[in-house]
């Protein structure tokens with residue numbers, strides 16, 4: 001089961017899901033990451049709950 005959290009290391013709009021995914025995995029030890037529009041485009045990281 002994965003839990004979503006806004007990235008703590010991403011700044012600005014998220015326009016590249018691949019980069020968001022790499023940054024979440026490499027910098028925040030997440031399982032993966034993706035860009036989602038929540039007001040504006042943000043990078044969200046996904047972790048084991």
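Any Cβ shown, glycine's included, is placed from N, Cα and C.
These come from Swiss-Prot:
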- 3-49: disulfide bond (DISULFID)
- 14-35: disulfide bond (DISULFID)
- 20-43: disulfide bond (DISULFID)
- 24-45: disulfide bond (DISULFID)
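Closest in space to residue 14 (disulfide bond), of the disulfide-bonded residues given as 3, 20, 24, 49, is 20, taking the CA atom of each residue. Relative to residue 3 (disulfide bond), the disulfide-bonded residues with Cα atoms inside 10 Å are 45, the candidates having been 35, 43, 45.
Looking only at Cα atoms, residue 24 (disulfide bond) sits nearest to 43 among the disulfide-bonded residues 35, 43, 49. Within 10 Å of residue 20 (disulfide bond), as judged by C-alpha distances, the disulfide-bonded residues found are 35, 45; the full candidate list was 35, 45, 49. Around the Cβ of residue 24 (disulfide bond), the number of neighbouring Cβ atoms within 10 Å comes to 25. Within its own chain, residue 49 (disulfide bond) has 1, 2, 3 as residues 6 or more apart in sequence whose C-beta sits under 8 angstroms from its own. Annotation for the disulfide-bonded residues 3, 45: lowest Cβ count within 10 Å of the residue's own Cβ, 3.
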